[in-house]
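A.B. asks: The domain 'ClpX-type ZB' annotation in Swiss-Prot covers 1-49. As annotated by Swiss-Prot, Zn(2+) binding site applies to Cys8, Cys11, Cys30, Cys33, with the evidence given as sequence analysis. Positions annotated as ATP binding site by Swiss-Prot, on the basis of sequence analysis: Pro120, Thr121, Gly122, Ser123, Gly124, Lys125, Thr126, Leu127.
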Amino acid sequence: MSNENRTCSFCGKSKSHAKHLIEGKNAYICDECVANCLEILYEGDNGGTPPENAGGEPEESGKLPTPAEIVANLDDYVIGQGQAKKALAVAVYNHYKRLRHPKADGGVELSKSNILLIGPTGSGKTLLAQSLARKLDVPFVMADATTLTEAGYVGEDVEQIITKLLGKCDFDVEKARHGIVYIDEIDKISRKSDNPSITRDVSGEGVQQALLKLIEGTVASVPPQGGRKHPNQEFINVDTANILFICGGAFAGLEKVIRQRTEKGGIGFGASVHSKDENAGITKLFGIVEPEDLIKFGLIPELIGRLPVIATLEELDEDALINILTEPKNALVKQYQALFGIENVGLEFEEGALRSIARQAMERKTGARGLRSIVERCLLDTMYRLPDLQGLKKVVVGKAVIEEGREPELVFES
């Protein structure tokens, strides 16, 4: 039977008159007949009509973790960033509370509060979003804003974000509708120039407009199993109204915009004089960011309006980077110790080595993201030889290994 001649095997409705026509073995059923079957089944089992959310919003199961419980879980994986964790926890708790109670007392409809994370590279933005999704056990997907393009241009369409989200939950639409999407590098689609006061990049603004529709809530049409779109194709429709969007970026140069607003400089004796090293004040300035600063930076007002929760992350200092190396559940040192442990070999980092690793990461301005490459480089030769080193008991990494490129100390069984 051709596509055009397909009809519902129960009511006879043609494909052109049905919203969806689901194919079975030698039979078809339309969406209306599916709804009628659901109603009949519910009446038979419960002696009444199906609830308002039957066939729609899934019943939520389990206790929703409180903001304090969410923060406690984040503390296991992310060092520091107390204020950002608190802001995220409250926003996420309110979001999923809203999904469980779409209308509050008095019929008040609760709006969605998407989140904007502002912080330096390697400060933990992505890790916070990943840890949130893990704690809540919801589908999670990451997207890079710099790879997105407007519809009609070569590149990744914004709706492909939803395709990826569906893929994370085996194309279960109901699960996807309650997932979390993290869009990284959101600041990179705002402007071309290093000067944040210059007018926005037009193509970047087009991507912002496309993202705006997705974030505020639209029905995205996704090809089955993530294939390419083509005419006469059945699509999976996903309502994005209940998907939580978290956008993040380093926003390099935003501190200049904030400083222009807060410090009224002048000429002569009354002029404001800034030191050459102004990095120390960036975290403090990010903490007082206003929507008008983001607009001047290059984000469109409509997009900022759909990201009402703004959380700022602090720049990580040397002590924080050392803690990141050793304290979290998935700390880098613990990961390498586990790798060496598989070969029944111990691994020890001396305090001086840890401090040198942290110092090098700060000099590279890569934050926590640069720690792994430094550790990997100093252990590369040892890991290469590890399977062939018979009787090796322990590997000790000292300060000289990091700073002078020496070999780690190898301790063999006596």
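Backbone N, Cα and C atoms are what each Cβ position is placed from, and that goes for glycine too.
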A.B. asks: Rounded to an integer, what is the Cα-Cα distance in Å between Leu127 (ATP binding site) and Cys30 (Zn(2+) binding site)?
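C.D. replies: If we compare the Cα positions of Leu127 (ATP binding site) and Cys30 (Zn(2+) binding site), the gap is 43 Å.
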A.B. asks: Give me the Cα-Cα distance between Gly124 (ATP binding site) and Cys30 (Zn(2+) binding site), rounded to a whole Å.
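C.D. replies: The Cα atom of Gly124 (ATP binding site) is 47 Å away from the Cα atom of Cys30 (Zn(2+) binding site).
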A.B. asks: Quick one: mean pLDDT on the domain 'ClpX-type ZB' (1-49)?
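C.D. replies: Averaged over the domain 'ClpX-type ZB' (1-49), per-residue pLDDT gives 67.
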A.B. asks: Show, in sequence order, which residues other than Pro120, Thr121, Gly122, Ser123, Gly124, Lys125, Thr126, Leu127 on the same chain lie with their Cβ within 8 Å of the centre of the Cβ atoms of the ATP site.
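C.D. replies: Leaving out the recorded residues gives Gly119, Gly248, Leu313, Gly367, Ala368, Arg369.
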A.B. asks: Between Gly122 (ATP binding site) and Cys33 (Zn(2+) binding site), what C-alpha distance do you get in Å?
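C.D. replies: Computed Cα spacing between Gly122 (ATP binding site) and Cys33 (Zn(2+) binding site) is 52 Å.
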A.B. asks: With DSSP assignments reduced to helix, strand and coil, which class does Cys30 (Zn(2+) binding site) get?
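C.D. replies: For Cys30 (Zn(2+) binding site) - judged by DSSP and reduced to three states - the answer is strand.
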A.B. asks: In angstrom units, rounded to an integer, how far apart are the Cα atoms of Pro120 (ATP binding site) and Cys8 (Zn(2+) binding site)?
C.D. replies: 56
A.B. asks: By a simple count, how many Cβ atoms lie within 10 Å of the Cβ of Leu127 (ATP binding site), its own Cβ left out?
C.D. replies: 20
